[in-house]
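Lifted from Swiss-Prot, the feature list:
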DNA_BIND  7-112  DNA-binding region
COMPBIAS  313-325  compositional bias 'Low complexity'
COMPBIAS  426-437  compositional bias 'Basic and acidic residues'
CROSSLNK  LYS2  SUMO2 cross-link
CROSSLNK  LYS82  SUMO2 cross-link
CROSSLNK  LYS135  SUMO2 cross-link
CROSSLNK  LYS139  SUMO2 cross-link
CROSSLNK  LYS151  SUMO2 cross-link
CROSSLNK  LYS210  SUMO2 cross-link
CROSSLNK  LYS218  SUMO2 cross-link
CROSSLNK  LYS237  SUMO2 cross-link
REGION    119-192  region 'Hydrophobic repeat HR-A/B'
REGION    298-325  region 'Disordered'
REGION    418-437  region 'Disordered'
Amino acid sequence: MKQSSNVPAFLSKLWTLVEETHTNEFITWSQNGQSFLVLDEQRFAKEILPKYFKHNNMASFVRQLNMYGFRKVVHIESGIIKQERDGPVEFQHPYFKQGQDDLLENIKRKVSSSKPEENKIRQEDLTKIISSAQKVQIKQETIESRLSELKSENESLWKEVSELRAKHAQQQQVIRKIVQFIVTLVQNNQLVSLKRKRPLLLNTNGAPKKNLYQHIVKEPTDNHHHKVPHSRTEGLKSRERISDDIIIYDVTDDNVDEENIPVIPETNEDVVVDSSNQYPDIVIVEDDNEDEYAPVIQSGEQSEPAREPLRVGSAGSSSPLMSSAVQLNGSSSLTSEDPVTMMDSILNDNINLLGKVELLDYLDSIDCSLEDFQAMLSGRQFSIDPDLLVDLFTSSVQMNPTDNIKYTKSENKGLEATKSSVVQHVSEEGRKSKSKPDKQLIQYTAFPLLAFLDGNSASAIEQGSTTASSEVVPSVDKPIEVDELLDSSLDPEPTQSKLVRLEPLTEAEASEATLFYLCELAPAPLDSDMPLLDS
């Protein structure tokens with residue numbers, strides 16, 4: 001064998017070991033010369049390997065053969081059957097052939113496919129992967145903690161929603177009970193009806209609650225159909241007849257001077273008042289299908305109350321109504337009859353008048369004044385806004401105090417009796433007198449309940465009744481004071497609807513005597529200073 005520097009020492013020693021004849025009993029070429037055989041591994045490892053190599057380990061020899069590309073040859077017939085340990089072992093390489101030692105240069109030791117640089121790069125990549133995995137793990141833990149928090153918050157929110165739903169249902173039940181109570185309160189106490197019937201008190205002995213005076217003039221006629229004389233017809237507007245009670249017509253005239261009003265004398269019969277110059281252009285028509293009476297109209301100079309009622313108007317009147325006409329609904333008899341019977345009649349008359357709009361307006365007051373309502377429920381005592389009571393107890397046809405109202409002064413011409421039906425109207429001289437537009441002075445005496453709720457106590461009402469004769473319509477010699485009364489008393493702002501405000505009464509105001517006095521339910525006969533309209 002030719003020595004070559006390109007052939008590794010292991011291959012040179014192996015070639016020499018196989019070529020020598022004295023070692024053929026341990027290692028030799030195969031029959032075809034393409035491979036070599038190791039006949040006895042144990043003896044070969046103990047006797048031959050130490051001579052050529054520095055070890056006697058057969059496994060190390062086989063490992064070096066594998067490093068140079070030698071492969072162990074396994075025959076088909078013996079591949080399945082396990083060979084004996086001491087049997088021959090054959091190794092083969094494409095460039096290791098018998099008699100071709102020049103091919104040994106082509107046998108190269110296997111070099112690892114990975115380079116150190118590549119190993120470093122792989123290590124860096126592995127570090128990056130590990131760090132990213134750690135970050136992902138941290139994020140996952142954070143997300144899990146957040147998820148647990150969200151779950152707990154969701155559970156608490158659902159609990160709160162269930163509690164709120166229960167509270168809402170309970171509140172709805174409370175509101176439903178409150179509404180039922182208010183409906184009962186309205187039906188029992190008549191606080192809502194805007195069409196509540198009130199007796200018309202036109203006497204001048206009661207204390208005037210406001211500086212509003214009403215002068216009624218009448219003119220006798222022969223039939224039941226009466227017309228209102230007037231110089232201008234454009235001021236009249238027709239209105240639908242709502243009930244069979246007293247209706248006040250307002251005749252708008254712009255051209256009359258202020259004059260004084262004479263005293264209307266009393267008679268023991270039904271009286272008709274006629275005048276040529278009368279204070280306002282107002283006609284009052286009353287249905288006489290039933291025997292209803294109005295109180296006697298008295299002048300400012302008379303201090304004694306009227307004893308005989310005044311029959312006014314007829315149901316057959318066809319005179320037109322103004323846009324500012326006011327309908328006054330009569331009430332049941334409030335004289336000395338049984339209070340329980342009287343209240344039952346009022347309830348029966350007014351329950352049918354309750355409308356949806358009025359009830360809804362009253363129910364809206366719950367949102368405005370819940371604390372006052374609670375105080376009323378606890379003490380079962382309440383008071384009402386006086387401005388609202390004025391709106392409640394007036395007629396359903398609202399009249400703006402600044403619309404189509406004129407102030408005139410006229411003189412009474414005489415009285416004439418009739419028992420059928422009478423219509424009041426003004427004379428032509430009264431229509432020619434000078435007037436103040438948008439203002440009309442009307443005198444009336446309301447219940448003490450209204451006066452009390454407007455801010456006057458019961459004692460003030462009684463004191464006002466004793467001085468009524470001095471506070472009625474001004475006399476002929478004081479026309480300037482009437483103007484001042486008009487300017488100071490009439491509110492130029494339009495009437496606005498108000499809600500009921502319930503306030504607790506004091507102990508003095510809530511006493512039994514005071515409440516009976518306010519409601520005109522005193523068991524004793526009423527004072528002669530307060531004659532009522534028996535309707």
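For all residues, glycine too, the Cβ spot is worked out from N, Cα and C.
For LYS151 (SUMO2 cross-link), the count of additional Cβ atoms within 10 Å of its Cβ stands at 10 [all protein chains shown]. Across the region 'Hydrophobic repeat HR-A/B' (119-192), DSSP classifies residues as 71 helix, 0 strand, 3 coil. Taking only the Cα positions, the spacing between LYS135 (SUMO2 cross-link) and LYS151 (SUMO2 cross-link) is 24 angstrom. Taken residue by residue, the DNA-binding region (7-112) breaks down under DSSP into 43 helix, 18 strand, 45 coil.
On a Cα basis, LYS151 (SUMO2 cross-link) lies 18 Å away from LYS139 (SUMO2 cross-link).
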